[in-house]
Amino acid sequence: MYCAKLILLLGCFWISSSASDPADPLLVDLPNGKLRGRDNGNYYSYESLPYAEPPVGDLRFEAPQPYKQQWTDTFDATQPPVSCMQWDQFIRGDDKLAGNEDCLTVSVYRPKNSSRNSFPVVAQIHGGAFMFGGASQNGHENFMREGNLILVKISYRLGPLGFVSTGDADLSGNFGLKDQRLALLWIKQNIASFGGEPENILVIGHSAGGGSVHLQVLREDFSKVAKAAISFSGNALDPWVVQQGGRGRAFELGRIVGCGQASDSVTLKKCLKSKPASEIVSAVRNFLVFAYVPFTPFGPVVESPDAPEAFISQHPVDIIKSGKFAQVPWAVTYTTEDGGYNAALLLEEQASSGREWIVDLNDRWFDWAPYLLFYRDSMTTIKDMDDYSRKLRQEYLGDRRFSVESYWDLQRLFTDVLFKNSTEISLDLHRKHGKSPVYAFVYDNPANTGIGQGLAQRTDINFGTVHGDDYFLIFENIVREPQLRSDEETISRNFLKMLNDFVLSENGTLAFGTCVFQDNVGSSKLQLLSITRNGCENLELESFP
C-alpha cells in the first residue's frame, strides 16, 4: 500500500524549473501558495515549511498525511524550525523535555550563485539516537560557503511519539521513518521551485540519521526519490537501530502515563492519544537504567506484514539478502573511536558520590552491559545474556577492572559492538547481494574537542576520533570548537566536493581528494578508504582493522 501511495504522489507532482520570481528570489510559489524566505548574505533560507499535517490529535501514532492547507497570505519562511518533542540527552539537569509535537517541516537553503540556474540537492536526516535532536542541531555555514548545493533539512517524530510500537497492525510504529519518507517525496516534488534539480538528490545522515538513510535505501522505491545516499556512523544493522521488545515497552509506556488498563493495542493507542504529549515524552526517563542509558529506548522496528503502510516488514539482513532494495549508490562510514558515544558518559562524575560511572561498572556490568550495548531484548535467556556479557568483558578487559585507566579498552568495545562490526557486516551483505556501487570509509583524525568531552564533562581525557568528528566538518555542532584546524579545513572542503561530485555522477563514482573509492560490489575483499589528517588511502581487507 505504501508503494502504491508513493506512485500516486509521484504522479501528482507540480514541478517548476526555478524559483518563482527571478527578480525576487525570496518569494517562492508552491502548490499551497506563496512563501517568503530570508537573505543570509551568501545564501537564501526558506525555513519551517510544513510537508505533513500536524501529527496531533487523531493523527498521533499514525502515518503522516501530506500537507494540504492553502495559504491565503504569504507564508513566513523566516522562522527557524522547532524540534520535535523529545527527552534530550544533552540538556543538563533532570528536566530534559524540549520541542513541540507539531514539528513536521523541512528547511531549504539555496546558494547565491549567479553562475548557475539550478543546483543539485543534499537532503539531510539529523541524528540523535531516534530520541532527540533536530534540523537546527547542526549548523550549515560550512556547507553553504561553497555555493554549489541546495541543502534541505528534515524534521521527523522522535522517541515514543515517533517509534512506539506494539508489533501489530494497530500500533505498528516507525512513524518517524514514514515522516522522513514523506519529506523526501516533498523534496522531489517541490525542490525545483527553489532552483533545485529533482533528478540530482543525495540523501545523507549521521548516527541515527545514518541508520535512517540506510533504512530508506532498503525500500525498493527509494530510487524514485533520490539518486544516491551516504550513511555516516550509523546503518540499519547497528544493534541500537532496529530492536526487539517494542511491544513490552509500548504497554509499559501506557502503564506509566495512566493507560495501564489497556490489554490490547487498539485500547492502548486510543488511551495514549488522549494523553498530553509532554507526559508521553517525559515518560522516557522511566526507561533509562542510569544517566541516558540505553540511549535508544524507542526506535525502528520490524512491522507486522499486515500493518497498513508498513515501512519495513522484514529484518534489514533479510531485506539485503533478498536483493529487494533500492539499487542506488550508497556509502557507509565509521570513525576509529565511534564508541565514544556513549562510552564517554561513563567517565562523568556522579553528583551524589563523586565517582565516575565506570567505577560502578565493576559491580554492575551484568546489569548494565545489555542496556549499554543493546542485546537485552535479543537474548533468549538470562544465561545467554550473562554468558555474552562475560565473553565481552574477558575479550576486551581480561582480568582488569573498569577504570579511567582502562577506558580506552571499554571504548574500543563500544566502537566494535555498536558501530564497526555492523558496518562491516552491512558492507559485506551489500557487496554480495547488491548491484549498484557500495563504498565505505573510516575516519581517523581527532578533533580538539568533540562529543567525548561533552558527555564526560571533562577535558583531561584523550578520546581519539569519536562519533561526529568527520560529520561536524560538514555541519557545525556545538560539541566541538567552531574554528577548524588547517588540516580540518582541507578535509571539510574535500567532503563538500565529495558530496557535490557524488550527486552529479552519472555512474555513481565517489571520490575524496585525490582518492577514488573502490566499489565493494563483486569484490572478493572489503574495499575501505582510510581518511586521516595526512590524506587518504584505499585499503583492501579481509576484515576491518
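In case you wondered, yes, glycine gets a Cβ from its N, Cα and C as well.
Bear in mind that the values here come from a model prediction, so they are computed numbers and not experimental data.
Noted in Swiss-Prot for the protein shown:
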SIGNAL    1-19  signal peptide
DISULFID  Cys84-Cys103  disulfide bond
CARBOHYD  Asn113  N-linked glycosylation site
ACT_SITE  Ser207  active site, acyl-ester intermediate
DISULFID  Cys259-Cys271  disulfide bond
CARBOHYD  Asn421  N-linked glycosylation site
ACT_SITE  His467  active site, charge relay system
CARBOHYD  Asn507  N-linked glycosylation site
DISULFID  Cys515-Cys536  disulfide bond
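Projection of Swiss-Prot feature records onto the structure.
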residue : record                               : DSSP class
Cys84   : disulfide bond                       : strand
Cys103  : disulfide bond                       : coil
Asn113  : N-linked glycosylation site          : coil
Ser207  : active site, acyl-ester intermediate : coil
Cys259  : disulfide bond                       : coil
Cys271  : disulfide bond                       : helix
Asn421  : N-linked glycosylation site          : helix
His467  : active site, charge relay system     : coil
Asn507  : N-linked glycosylation site          : coil
Cys515  : disulfide bond                       : strand
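Scoring each of the recorded positions (Asn113, Ser207, Asn421, Asn507) by how many neighbouring Cβ atoms lie within 10 Å, the top position goes to Ser207.
DSSP assigns Cys536 (disulfide bond) to a strand segment in the three-state reduction.
Cβ neighbour count for Cys103 (disulfide bond): 26 (other Cβ atoms within 10 Å of its Cβ, all protein chains included).
Other C-beta atoms found within 10 angstroms of the C-beta of Cys515 (disulfide bond) number 18, with every protein chain shown included. The recorded positions close to Ser207 (active site, acyl-ester intermediate), defined as a CA atom within 10 A of its CA, are His467 out of Cys103, Cys259, His467. Among the recorded positions Cys84, Asn113, Asn421, His467, Asn507, Cys515, none has a Cα sitting within 10 Å of the Cα of Cys271 (disulfide bond). Take the Cα of Asn421 (N-linked glycosylation site) and measure to each of the recorded positions Cys84, Cys103, Cys259, Asn507, Cys515: the nearest one is Cys515. Note on proximity: of the recorded positions Cys84, Cys103, Cys259, His467, Asn507, the one nearest Cys536 (disulfide bond) is His467, by Cα distance.
By the criterion of other Cβ atoms within 10 Å of the residue's own Cβ, the least surrounded of the disulfide-bonded residues Cys84, Cys259, Cys271, Cys536 is Cys271.
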